[in-house]
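Here it is, the structure in full.
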Amino acid sequence: MQDAENVAAPEAAEERAEPARQQPVSESPPTDEAAGSGGSEVGRTEDAEEDAEARPEPEVRAKPAAQSEEETAASPAASPTPQSAQEPSAPGKAEAGGEQARHPSARAEEEGGSDGSAAEAEPRALENGEADEPSFSDPEDFVDDVSEEELLGDVLKDRPQEADGIDSVIVVDNVPQVGPDRLEKLKNVIHKIFSKFGKIINDYYPEEDGKTKGYIFLEYASPAHAVDAVKNADGYKLDKQHTFRVNLFTDFDKYMTISDEWDIPEKQPFKDLGNLRYWLEEAECRDQYSVIFESGDRTSIFWNDVKDPVSIEERARWTETYVRWSPKGTYLATFHQRGIALWGGDKFKQIQRFSHQGVQLIDFSPCERYLVTFSPLMDTQDDPQAIIIWDILTGHKKRGFHCESSAHWPIFKWSHDGKFFARMTLDTLSIYETPSMGLLDKKSLKISGIKDFSWSPGGNIIAFWVPEDKDIPARVTLMQLPTRQEIRVRNLFNVVDCKLHWQKNGDYLCVKVDRTPKGTQGVVTNFEIFRMREKQVPVDVVEMKETIIAFAWEPNGSKFAVLHGEAPRISVSFYHVKSNGKIELIKMFDKQQANTIFWSPQGQFVVLAGLRSMNGALAFVDTSDCTVMNIAEHYMASDVEWDPTGRYVVTSVSWWSHKVDNAYWLWTFQGRLLQKNNKDRFCQLLWRPRPPTLLSQDQIKQIKKDLKKYSKIFEQKDRLSQSKASKELVERRRTMMEDFRQYRKMAQELYMKQKNERLELRGGVDTDELDSNVDDWEEETIEFFVTEEVIPLGSQE
């Protein structure tokens with residue numbers, strides 16, 4: 001079984017790094033000059049020995065008297081003894097010098113140890129003050145193959161480097177060619193653009209025939225500013241005719257050293273990952289789900305089956321926290337201290353890994369091409385590492401980002417097709433495009449006071465809202481991308497808060513608006529319904545004066561459900577958005593014990609659940625005629641998960657939220673309980689998603705029309721399955737009975753073999769035969785006399 005914890009580095013690298021973890025870091029070998037001066041080293045060690053003998057406390061080591069300050073600084077600070085500092089691990093001349101420089105008493109101790117006279121070595125060690133000193137020297141056969149970059153990479157990158165002064169210079173091409181009359185204006189424009197990245201201390205505009213040449217040189221106060229300018233200003237569009245190309249001046253040397261001869265790249269072997277969507281070809285069309293139990297120590301993958309779940313794969317310590325499926329179900333992501341691993345295929349082999357120390361959160365792009373990881377541990381001003389976007393196919397890092405402390409996950413939100421992703425900061429909405437990972441049109445949107453935004457699941461439309469500012473009303477804006485055209489703006493007044501809820505197909509947008517009308521107390525909620533598929537995007541409003549607990553759209557329909565009121569008077573209302581724009585109340589159920597709404601992925605059916613504090617009350621509702629099919633309870637249920645087909649639903653009690661009664665129960669969409677699966681310290685269950693169907697809407701309609709024809713085939717398969725299950729049950733019981741008979745026969749034979757031993761132990765009395773003869777029985781009757789006393793109630797006094 002493949003080790004799931006091997007994420008950030010191959011096993012070979014771990015084995016190479018193992019000696020470094022077991023031994024202290026070896027010091028760098030001394031110079032040839034120091035190695036050759038063996039006599040002076042001995043003299044210094046003799047002085048050190050005299051100083052050590054003169055000290056009253058032998059535990060305190062004396063610094064060599066003849067050692068200079070430079071040599072002191074060069075010796076490792078972490079070395080506990082001068083011996084370990086003078087015994088280099090490198091071979092050759094340095095090793096010979098180190099051997100000469102060793103303390104004479106140390107050689108005497110080795111000779112005494114080789115002769116076996118430990119009693120003589122001990123007094124010498126006490127005289128030298130080395131009785132309790134541990135040895136941190138490397139063994140003679142130790143080979144340190146761990147480089148300094150691996151151990152001290154974060155420290156070495158900040159070491160001083162020699163600079164020739166041109167690291168701070170950049171070259172800007174495609175600059176407008178102007179004469180002396182417009183040169184000053186051009187300089188002001190250039191300075192305004194490039195001074196955002198740092199202080200410009202010098203500039204140079206080459207001229208020819210009275211005009212600039214079309215390229216300029218800018219020098220910054222720091223090389224970091226120059227790098228920042230290249231990163232952000234390259235590709236900047238000044239106007240329709242001029243788009244800047246920015247490079248470092250030092251890049252000239254890099255490009256001039258490129259060989260004129262073309263080296264044919266090595267052909268990379270194709271890595272066959274197998275069929276990553278094999279589960280979709282399962283004959284019974286069953287779904288898979290993952291289960292984490294034993295407080296996270298074990299993770300299993302199961303086939304969902306009506307009778308019992310069928311285990312596919314089970315591994316210990318597969319993940320360190322939790323798991324997550326990709327949006328189309330292709331990959332299973334596991335979390336580790338050193339990064340993320342992706343698994344897939346019929347054997348769940350490791351597909352890819354991404355090294356991100358301390359990763360806590362991830363997010364996939366809807367197209368499964370990119371992975372976003374977040375870690376609070378790694379982030380620097382020069383090298384942003386808090387958020388990293390990875391290419392899943394290649395495993396390469398695409399870009400890193402900083403993370404604000406007040407941000408909410410997911411920080412980046414993806415468009416429905418994965419072509420764009422966006423993030424919100426103070427008064428700014430930044431939209432990036434793939435695969436370049438650069439800003440759309442090289443600039444962010446300045447939106448003063450922006451509070452929240454959300455992508456449409458059905459198109460490249462982004463919705464955002466801005467609160468009121470003095471006399472300016474709050475507004476909700478719909479923007480088409482990449483053109484940035486505002487297709488609808490809705491002004492709102494007396495707004496406290498807004499929430500954006502998209503219908504799964506992007507047909508509707510509901511903006512839940514909490515507001516405080518003038519002259520009234522309390523909060524009133526409006527549901528602003530945007531009909532996205534109609535011209536000019538008309539808006540309808542539903543007002544509710546009760547407290548709103550939950551809101552949810554039907555995934556593939558035009559209905560939505562609202563939980564409102566306060567316990568114990570909680571109600572659920574179902575609304576239907578008609579084609580003419582009228583919003584109709586279909587049904588309202590009173591006195592519901594629910595705080596969450598869970599729609600089936602296929603629509604029509606919904607589960608109203610009272611999770612955690614409401615003790616797991618469940619109501620299964622069919623919204624086609626608004627009937628309650630069943631009311632049940634899973635005590636202290638913490639989660640509800642629909643399967644991708646909408647046929648089954650799982651309720652569970654997670655060990656993460658409740659420490660007892662941890663289990664998951666499987667129900668039909670009608671509310672009929674099929675299974676109760678108890679798992680020790682059960683933590684999490686996640687269904688494996690399915691990719692979108694390849695069938696067209698016309699084909700789906702035709703299948704629904706011919707459902708009766710297919711249902712006969714399904715019923716026949718069900719009967720065969722039941723018959724097969726019955727045969728399997730009978731066969732299993734027959735096998736169990738046969739196993740019992742064999743065990744009973746073996747026990748009887750063993751019992752008879754031990755008869756002689758029993759006779760000997762019981763003085764020749766055959767106790768086996770005492771109960772076999774009825775004539776030897778003695779019958780004894782024992783009578784118990786019971787006195788009954790009746791006391792009338794009236795005569796108790």
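Count begins at 1; order follows the chain as displayed.
Note: Cβ is positioned from N, Cα and C throughout, glycine not excepted.
Below are the features I grabbed from Swiss-Prot:
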MOD_RES   MET1  N-acetylmethionine
REGION    1-141  region 'Disordered'
MOD_RES   SER40  phosphoserine
COMPBIAS  53-62  compositional bias 'Basic and acidic residues'
MOD_RES   SER68  phosphoserine
MOD_RES   THR72  phosphothreonine
MOD_RES   SER75  phosphoserine
MOD_RES   SER84  phosphoserine
COMPBIAS  100-110  compositional bias 'Basic and acidic residues'
MOD_RES   SER105  phosphoserine
COMPBIAS  129-141  compositional bias 'Acidic residues'
MOD_RES   SER137  phosphoserine
MOD_RES   SER147  phosphoserine
MOD_RES   LYS192  N6-acetyllysine
MOD_RES   LYS271  N6-acetyllysine
REPEAT    315-353  repeat 'WD 1'
MOD_RES   LYS347  N6-acetyllysine
REPEAT    404-442  repeat 'WD 3'
REPEAT    632-677  repeat 'WD 5'
Whole-number Å distance between the CA of SER147 (phosphoserine) and the CA of SER137 (phosphoserine)?
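Approximately 18 Å lies between the Cα of SER147 (phosphoserine) and that of SER137 (phosphoserine).
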Which residue, of the modified residues LYS192, LYS271, LYS347, has its CB surrounded by the fewest other CB atoms within 10 A?
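It is LYS271 that, of the modified residues LYS192, LYS271, LYS347, has the fewest other Cβ atoms within 10 Å.
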Return the single residue from the modified residues list (SER137, SER147) that has the minimum number of other CB atoms within 10 Å.
SER147
By DSSP assignment, list the helix, strand and coil residue numbers for the repeat 'WD 1' (315-353), in that order.
0 helix, 21 strand, 18 coil
Counting distance between Cα atoms, which of the modified residues SER137, LYS192, LYS347 is nearest LYS271 (N6-acetyllysine)?
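The smallest Cα gap between LYS271 (N6-acetyllysine) and any of the modified residues is with LYS347.
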Taking DSSP as the reference, which of helix, strand or coil describes SER137 (phosphoserine)?
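Going by the DSSP assignment, SER137 (phosphoserine) belongs to neither helix nor strand, so it counts as coil.
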Going by DSSP, is LYS192 (N6-acetyllysine) part of a helix, a strand, or coil?
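Going by the DSSP assignment, LYS192 (N6-acetyllysine) falls within a helical segment, counted as helix.
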